[in-house]
Amino acid sequence: MLTPAATLRWRSIFRRPEVSTFFFLFILTTIWSRNRFGSLAGGALPATPSGAMNLLGSYADSWHEVAMGSASASPPWIAILAIASALFLGKANLLVTLFFWMAPLLIMWSMYSILKEYSLNSFLRVGASLSYALSPVALASISSGRLGSMVTLIIGPQIVRYLLRIRKVEKVSWQFIFALSLLIGVLAAFSMQAFIAVALIYVIGGIFDVIDNRKNSNPRLMRNRLTRRFVLIATPLLLCFPWSFQLLSHPGRLLLEPGLSIAGGGSALAWLANPGGVGSIPWWAMSPAPIILLVALFSSTRARLFAEVGVIFLLAASFAGALAFPSHGDSVGEPLWVGSFLTFASISAVLAGVVILDGLRNKLASTGFHFRHILAGLVVASTLMYAGTAVTWTLTTGANSPVRANQESVLPPFLALNPGVKTLVIRAAEGVNSQTLNFYISRGSDARLGDPDTAPTSPLAIDLAVRQIVDGSGLASSKVLSAYGIKYVFMKNPIDKQFVHAIDGLGGFVRNSATDAGIVWRVDGVSERLVFTSASGKSTGILADPKGTRTFSPGAGILSLAENFDASWEIIQDGKKLPKKQNEYGLPEFAVTNVGEFSLTHDGTARRGMLALQSLIVMGVVVMATPARRRRSEMSVEELT
């Protein structure tokens, strides 16, 4: 008789620990994300443009309409997001929403995929990868909109996997080296802090190479090793050209993450593997990572190596977390966010924990009561306690994260009617006492994705004018602000009433409105983007399009442009470039001698050339990373016949 074929039951699939755990995390993430279904903004995440072409245009632009204007190169992650948006029919905001929703699953999958090399126990692998997905740095990164740290959490385990394979770098093929460089290049595009962490590992490896060469002198082998390590470090920087080279000229920016400048938790929290800041899990929900690293330091297995690396990254995070300086165009210094350093510390802790716990039950059962029993119990207990606390937090308080869907605009609606009009926004600094103010210059809309990363430093004249406004001594502040093209001052609630009275008492500011959102004053004077000053000293505003202007000059005089000075600004009249110079405020001005039409443009030739060079570099690395055709001499006889 025929035996009926066994049928697959769905119930048996969910009995597999990896399937049931991923399903549990999916349900948990969906509940946690209940306020994040829609167009996201908040925390460090600016609003996302609706289309991929907007992102590509922002990346390719030679001049960025942010604050007083900037010619800085856009970070490559903007182009990566734009290209990835093609999978969603160019809906960039949909891509960002899905990414924040599915990030915990991607983080868990990335860690689970590498743990197969360290343990055959599926329950241990699943538990370790789940604890990584719910680690303090993962929860804080998603809640506060840290794109760089989120990408590091996903790519980081894969890079660690490949780094461990190149301990003898001279035996690795060039194809593998360029493929790994391409992956690190993507990581560097999102987080230079993460690239520094990876480069630190390379440098440590290079130091060991030098020590080994002193013991066993082999100059040829040494050159081979150092050449390959140099390529691994230099290629990601070339892939991110020209943005990476601009960062090298401002070393402090190497530690910054993408997005708005939001304070981290400082060095004390970093020792607990918690980055802190808004949206982070409370400090008393202690991560098991520091405990695991401490226990693993006394291990005789390779867990000790992971622990040593993890402690180095905890030290780096603690040191960087103590730094605070103005960044991304802000006027107030904030403690640095150290999420990428803590990500590698968390990866080290997970790997060390898996190595320690794998097969430990049988080892402990075969021995009498020992201090290893206590340490193992401490590791397991701390992990379970944290997991319970993290799950409870995500289901309750954690859902009210700074990153939310459909956020209201910071500016009142009527200020957004005229795009490009500059508004000085003054508000209380987050995480600082109410007497400390922060300010930025808006151009009729809230910050968009990529704007903070290209924002210039505020001119000293504006810094001084704002200080004098709030202390009531700025009698000439309105003249300074109008010279920079600032038409409105908006003080956002909640704000101290004494600051409001100080502005009302000054001349040159006319109160326009007062609502629940805040108070708006109009700045007296001619505050257009382009101003013509005649020989008699009379100033007249000229309408100027942000991307370029073709208009009419009424006579001889001076044309002043309310943008930061840059050598690429040009005014062409009668086929000739007008001479330009910086005025007393550091803004470009042009001498006009004739009546007639003129064209105002920002020459993007240099930017286009750099993009072309970057494209060639990317294509070259991709070609080197892909498998090459084999020679006939490398083929077997069977293949040839």
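Just so you know, the numbers here start at 1 and follow the chain as drawn.
Yeah, the Cβs are placed from backbone N, Cα and C, and that goes for glycine too.
So that you can see what the record holds, here are the features copied from TrEMBL:
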{"type": "TRANSMEM", "residues": "70-89", "note": "transmembrane segment"}
{"type": "TRANSMEM", "residues": "94-112", "note": "transmembrane segment"}
{"type": "TRANSMEM", "residues": "147-164", "note": "transmembrane segment"}
{"type": "TRANSMEM", "residues": "176-205", "note": "transmembrane segment"}
{"type": "TRANSMEM", "residues": "226-245", "note": "transmembrane segment"}
{"type": "TRANSMEM", "residues": "281-298", "note": "transmembrane segment"}
{"type": "TRANSMEM", "residues": "305-325", "note": "transmembrane segment"}
{"type": "TRANSMEM", "residues": "337-357", "note": "transmembrane segment"}
{"type": "TRANSMEM", "residues": "369-395", "note": "transmembrane segment"}
> Cβ under 8 Å to the transmembrane segment (70-89), counting only same-chain residues 6 or more beyond its ends: which ones?
Replying inline: 51-53, 55-56, 58-64, 95-96, 98, 147-148, 151, 186, 189-190, 239-240, 242-243, 246, 258, 449-450, 453-456, 564, 566, 568, 602, 607, 610, 614
> Residues of the same chain, at least six outside the transmembrane segment (369-395), with any C-beta under 8 angstroms of its C-beta?
Replying inline: 28, 31-32, 127, 130-131, 134, 136, 139, 281-282, 285-288, 291-292, 295, 298, 353, 356-357, 360, 363
> Residues sitting near the transmembrane segment (305-325): Cβ under 8 Å, six or more positions beyond its termini, same chain?
Replying inline: 193, 197, 200-201, 252, 255, 263-267, 269-271, 273, 275-276, 289-290, 292-297, 299, 333-336, 338, 341-342, 344-349, 351-352, 355
> When each of 94-112, 147-164, 226-245, 337-357 is checked against the transmembrane segment (176-205) for Cβ pairs under 8 Å, which one has the most?
Replying inline: 226-245
